[in-house]
Amino acid sequence: MTTLQQPQATESHNTDVALSLQNVTISYGNFEAVKNVYCEIPRGKVTAFIGPSGCGKSTVLRSLNRMNDLIEGCSLKGSILFGGVDLYGPKIDPVEVRRRIGIVFQQPNPFPKSIYENIAFGARINGYTGDMDELVERSLRQAAVWDECKDKLNESGYSLSGGQQQRLCIARTIAIQPEVILMDEPCSALDPISTLKIEETMHELKKSFTIVIVTHNMQQAVRVSDMTAFYNAEAVEGGTGKVGYLVEFNDTDKIFNAPQQQATQDYVSGRFG
């Protein structure tokens, strides 16, 4: 199946919800990395995943467009619904999932191609037949990097600074017209000025896309997100590892100013993490 549209499913699902995680447990071999996650990610908002290292937040993020399929031994129980359709259903094409739900990684990773082709290449292989020049410009503008790139579109993407490369990667993701954009610590390798540009870009992008971001920077979560999910991890009984779990999911203002769980209060106040 190469489409995620199933009329019988989309009739009943909540259109305000972009992604619905229902009792999701993700394992690597016999090790449960994160378990029993229930979460509804709202459409047209920025949702932040926060928590200490090893709590499973990036694992959950990558499950939202099946990037974890590329990791040997990784498996998922439960369901993730997108438009009322289970992304892990037996007839779902993972490539189509990744077109509809794009991802931007921690380290900028432009293609070894020109700036122009970084945008055009993915659109072309996904069947885009419109005005490519217009698409390239529109995508670069949406990612707030057009002014830096417009006079050197034929130069290598590697000629850009780190922050510009990351915005180029965002533009590349936008070009294939996804509905959701996942961002896995997109600013962790960037300087403060580049980070600010990415954050400003996110505020504009949420007018057109649903965004889910993993960040270790709690101030960033406060600045950019509408909703925040706090993950934590606990030691496995009788084992040596830790299993991640979702502690609390709420409006960002409530998570940081009036959390319902003591563990959330301890984390956002800097008592651990």
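Any Cβ shown, glycine's included, is placed from N, Cα and C.
Record features (Swiss-Prot):
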type    : residues                                               : note
BINDING : GLY51, PRO52, SER53, GLY54, CYS55, GLY56, LYS57, SER58 : ATP binding site
DOMAIN  : 19-258                                                 : domain 'ABC transporter'
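Fewest other C-beta atoms within 10 angstroms, among the binding-site residues SER53, SER58, are seen around SER53. GLY54 (ATP binding site) counts 17 other C-beta atoms within 10 Å of its own C-beta, drawing on all protein chains shown. According to DSSP, SER58 (ATP binding site) is assigned to a helical segment. Neighbour counts of Cβ atoms within 10 Å were compared for the binding-site residues GLY51, PRO52, and the top value is held by GLY51.
Neighbour count (other Cβ atoms within 10 Å of the Cβ, all protein chains): 26 for GLY56 (ATP binding site).
A C-beta separation below 8 Å, combined with a sequence spacing of at least six in one chain, links CYS55 (ATP binding site) to VAL34, TYR231, ASN232, ALA233, LYS242, GLY244, TYR245. For LYS57 (ATP binding site), other Cβ atoms within 10 Å of its Cβ number 28. Those residues of the chain, other than GLY51, PRO52, SER53, GLY54, CYS55, GLY56, LYS57, SER58, with a C-beta within 8 angstroms of the mean position of the ATP site C-beta atoms are THR59, TYR231, ASN232, ALA233, GLY244.
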